Amino acid sequence: MNKSDITTTEIKAEESHRQDSADLLVFILLLTLTILTIWLFKHRRFRFLHETGLAMIYGLLVGVVLRYAIHVPSDMNNVTLSCNVNASPATLLVNVSGKFYEYTLKGEISGSEVNDIQDNEMLRKVTFDPEVFFNILLPPIIFHAGYSLKRRHFFRNLGSILAYAFVGTVVSCFIIGLLMYGCVMLMKQIGQLGGDFFFTDCLFFGAIVSATDPVTVLAIFNELQVDADLYALLFGESVLNDAVAVVLSSSIVGYQPEGDNSHTFEAMAMLKSFGIFLGVFSGSFALGVATGVVTLFSLTPFHVTKFTKLRDFPLLETALFFLMSWSTFLLAEACGFTGVVAVLFCGMTQAHYTFNNLSPESQDRTKQLFELLNFLAENFIFSYMGLTLFTFKNHVFNPIFIVGAFLAVFLGRAANIYPLSFLLNLGRKYKISSNFQHMMMFAGLRGAMTFALSIRDTATYARQMMFSTTLLVVFFTVWICGGGTTQMLSCQKIRGFLEQSCLMMDFLCVRLQIGPDGVERRSTKQESVWFFRIWYNFDHNYLKPILTHSGPPLTATLPACCGSLARCLTSPQAYEEQLKDSDSDLILNDSDITLAYGDITVSTDATGAHTSGTPVGGVAVNSDEALDRELAFGDHELVIRGTRLVLPMDDSEPPLPLDSRRHRHKNETMS
């Protein structure tokens, strides 16, 4: 290669670098503009549009500009050559006058776009590799969901959440798949189907649009302090059904009858796909929990001794925590499992065990770090969705398919919520009310996971049509359903916490049965899953003391004959430190429930007795009673007939202003 060729290559590389920098700058400016607009909306208390909807609008505007307003001057050096080959090689070596040049395959374009190759190149520059979404943007979103999970209300409604996430997602997938197959058959009859579209493709579409992402609704719920159980049902379902939808879609893709490429039904192929579903999900779950435990021991390799030194370097501790958590996703994908499931349960394991062993600085840093990454990644994805509507070159919009998709998504969501709620209410002591069901139906937004699953493969006609339709479904649910959340709450008469507290005072007095001496006489067990109660006792008495610096010492829970083993396995900090507040959302200590009378504080213990004065830290020996208390109460402080019941607060939920509480309950406090 002569000097002029080298100079030309360097110039093109420099131009490409500048173009890439400009493209990234566009996305940074989009995020900046979104953040500034969010601040304005919060300042003005506008709730009709969430930041994700704003990000999509700004992305749409930029996409319109890039698609129709900017044209790159044609390059006369582009030459179209013809050669006969049987396949499309990934790389091509071209011999030009004895010099070999390497060209990389970028994808197929239609014949009508050959003259616009320069514009196509510009639009391809702002089109990211789908793997960027799965390997870079999705892990912090999913991990944050598990790491910030409100375990108190999650486990109180665990049975219902699992039913909605597993049974409901599968039901929704097949309902949508069957209805869309009917649309495809109609399109085929009237001649509007331009390529192959099998029943498995319809099921795949049903799986990806069954992944709900009510980020807009949950943000408004948190701001308005809406019922905690409704929040837990929606959040828990959306977290788990993302994982179920990913595994379900991969199982559908893996469906293939032996020696047949027509996608016909075969019992053995169906059973094989079901086996793939169970194997991938259970393997991903086990891998996520295992890596969470490995991270625990990596951060505190000698936690049973006094020589734990990594806590002395919070920056290194946070960096190791971050890298090992992210590597969980990549490890699962590399092993053939699903990273979404693995990193979700890794986050839950980290929050339950590892978080307690981190230094206070690292605890704050990890929570803030993943919250920030989640915020940026989500808004980036939604901005990119708006951009993609105009920059993606292979959209296939079919009116029949689009109308059918909206109808199928609505019916699939209804088949998920209403029949399951009816069946669940048969066994629930505290029913899921009809207005909660309507709200859950309305809150079935589609978002980042649906988009990421649909864009991962757009090579075929069917996948291109599904991707284009998915974008419209996401736009509609985020803008219309998300924007109408406040109005829907008002229509269904679902009150915020301040309003609920007034209605719950008499109810709590009956449940607590507070006597004249202010002592709680009895506590009715809240609905809970029997399996979880067994697991709670085992975890509280044995796993917590072994894996963390919190919980009761093993010397108090193991039999006397195991005294030497208990002393060896128990961390020295377990004798010195009380249970950390960060874990009070799952386990309550004696001092967690207090009754305050003026200047005197009365604390209840496991036996129902009480002591006056300042509460003394300690661990309840009766963990089953601690669980009853945990599952029976909410997060906030209520003033009840002159008695202030103080319950542990979740860090993510702001406390109620004291003046507001006093104003609300003025009559009760005076009595």
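Here the Cβ of each residue, glycine as well, is placed from N, Cα and C on the backbone.
Since this is a predicted model, take the numbers as computed values, not measurements.
Going by TrEMBL, these are the annotated features:
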TRANSMEM  24-41  transmembrane segment
DOMAIN    34-490  domain 'Cation/H+ exchanger transmembrane'
TRANSMEM  53-70  transmembrane segment
TRANSMEM  132-149  transmembrane segment
TRANSMEM  161-187  transmembrane segment
TRANSMEM  276-299  transmembrane segment
TRANSMEM  319-348  transmembrane segment
TRANSMEM  369-390  transmembrane segment
TRANSMEM  396-415  transmembrane segment
TRANSMEM  461-485  transmembrane segment
REGION    648-671  region 'Disordered'
COMPBIAS  661-671  compositional bias 'Basic residues'
How about the transmembrane segment (161-187) and the transmembrane segment (461-485): do they have 3 or more C-beta pairs under 8 A, pairs 6 or more apart in sequence? no
Going along the chain, which residues at least six beyond the ends of the transmembrane segment (369-390) come within the CB cut-off of under 8 Å? 27, 30-31, 34-35, 51-53, 55-64, 66-68, 126-128, 133, 137-138, 140-141, 143-145, 147-148, 215, 318, 322, 447-448, 451-452, 455, 471, 474-475, 478
Counting Cβ pairs under 8 Å to the transmembrane segment (396-415), which of 53-70, 276-299, 461-485 comes out on top? 461-485
For the transmembrane segment (319-348), what are the same-chain contacts with Cβ under 8 Å, counting residues 6+ beyond its ends? 134-135, 138-140, 142-147, 149, 151, 239-240, 242-243, 246-247, 250, 280-281, 283-285, 287-289, 291-292, 294-295, 298-299, 310, 354, 358, 362, 366, 369, 449
When you scan the chain for residues with a C-beta under 8 Å from the transmembrane segment (53-70), skipping those not six or more beyond its ends, what do you find? 26, 30-31, 33-34, 37-38, 41, 122-123, 126, 216, 379-380, 382-391, 475, 478-479, 482-483
